[in-house]
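What Swiss-Prot records for 4 is N6,N6,N6-trimethyllysine, and it gives sequence analysis as the kind of evidence. Taken from Swiss-Prot, the feature substrate binding site covers 113, 163, 167, 285, 317, 369, and the record attributes it to sequence analysis. Here Swiss-Prot flags 165, 284 as active site, proton acceptor, drawing on sequence analysis. As annotated by Swiss-Prot, N6-carboxylysine applies to 191. Look at Swiss-Prot and you will find 191, 193, 194 tagged as Mg(2+) binding site. Swiss-Prot lists 324 with the feature site 'Transition state stabilizer'.
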């Protein structure tokens, strides 16, 4: 028969508006900004083609396979309200296009080449629907929310953390001292900063030893289980696992990884190691804003959050809504639910484009961190609820009397907010009053209230629908 060589419009093959999506399809919602003169159907079809089976011209080898079985399909396009020349293109991918249990492969396919495509001015992946048929091929988080609570024996309240500052420059012994004071004062966790790996002023092994010592001393004195996120992120996967092994040998409860800079392959390996060896895994999202901050290009953080739940992590940073970093309330709560819950309904007002069913994959605890202090505590308790980690770096270490009193202030504020909430008080309305009352019987909290009474980070949010 021969085949018809030449270049033909993508939309003839890849735009299929009458396609019925299958339960096993991976669905993607892209925000497409076509170049002038490119019709939206062609742009949407081009995205489907270039992220699945297509190439720029008809090829003879197409005849050796069944394109109908394997091609991505753009099945719906809608204009974005209030934006000129922007469309949401919905693409369905057959499950067979993806390697099982590999976030790396999923992203290489869906967001690999297509983002440099000339016919598009910009392209953003807004959401993915991961079908159970695919999510069940992943281990997911090493432990999940309930197992973590049981390991730590902490229930009915958010957990408290603190990133040790100055993030770079402390010796291991001084670093360990800062860890001890924070944990002794009443925090549940302290944290290595994301860029603390193994630098000349503090090699990883020394830090691990001094932090473990700090942890056990604080545990003995408070009778509570304590943790310090030991950052295992390293230049090679082998070195990363070596650090995790040493953490396990020290008997500490939790390690940490920078999952975007470290990469999904490394992260998934570490998550498997953590489940096999009883370590919790804290995930930092360093580099996320490079990918997710532009409104019209890149990937929304909710996609990176879903990818992390597949790859594996027990905590992940998720913005604060109130501090110094990005995060609009409804949108943030949208992906917080995607991290914690088993079943999340489609809700476009929160940026959730698809109903997501995680079946039995464990949940991830969202971490609120960045520019928050005691006055934010009522809002954070209300917004994030019990299954969260509230992390105050400067908001602990910046206390005028030092780290331990800073930790005391945060713990007192948190306990006051939880108690008030359980008594039925309205944290949003009475928050300041609740903190003021509590500070009457806690000099540490009173001092903290005084220092940060006027601090706000007020800028318009970038992350809008």
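Using the three backbone atoms N, Cα and C, a Cβ is placed for every residue, glycine included.
Here the features listed in Swiss-Prot are painted onto the structure.
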residue	record	CB count, 10 Å
4	N6,N6,N6-trimethyllysine	7
113	substrate binding site	11
165	active site, proton acceptor	16
191	N6-carboxylysine	28
193	Mg(2+) binding site	18
194	Mg(2+) binding site	21
284	active site, proton acceptor	28
285	substrate binding site	24
317	substrate binding site	22
369	substrate binding site	26
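Neighbour counts of Cβ atoms within 10 Å were compared for the binding-site residues 163, 167, and the top value is held by 163. According to DSSP, residue 194 (Mg(2+) binding site) sits in a coil region rather than a helix or strand. Nearest in space to residue 4 (N6,N6,N6-trimethyllysine), taking C-alpha to C-alpha distance over the recorded positions 113, 165, 284, is 113. Following the DSSP three-state reduction, the secondary structure of residue 285 (substrate binding site) is coil. Only 284, of the recorded positions 165, 193, 194, 284, have a C-alpha within 10 angstroms of the C-alpha of residue 317 (substrate binding site). Measuring Cα to Cα from residue 194 (Mg(2+) binding site), the recorded positions that fall within 10 Å are 284, 285, out of 165, 284, 285. Using a 10 Å Cα-Cα cut-off around residue 284 (active site, proton acceptor), the recorded positions 113, 163, 165, 167, 193 reduce to 193. Only 163, from the binding-site residues 113, 163, 285, place their Cα within 10 Å of the Cα belonging to residue 191 (N6-carboxylysine). Taking the mean position of the Cβ atoms of 191, 193, 194 as the Mg(2+) site, the remaining same-chain residues with a Cβ inside 8 Å of that point are 163, 164, 167, 192, 195, 196, 229, 231, 256, 284. DSSP classifies residue 113 (substrate binding site) as coil under the three-state reduction.
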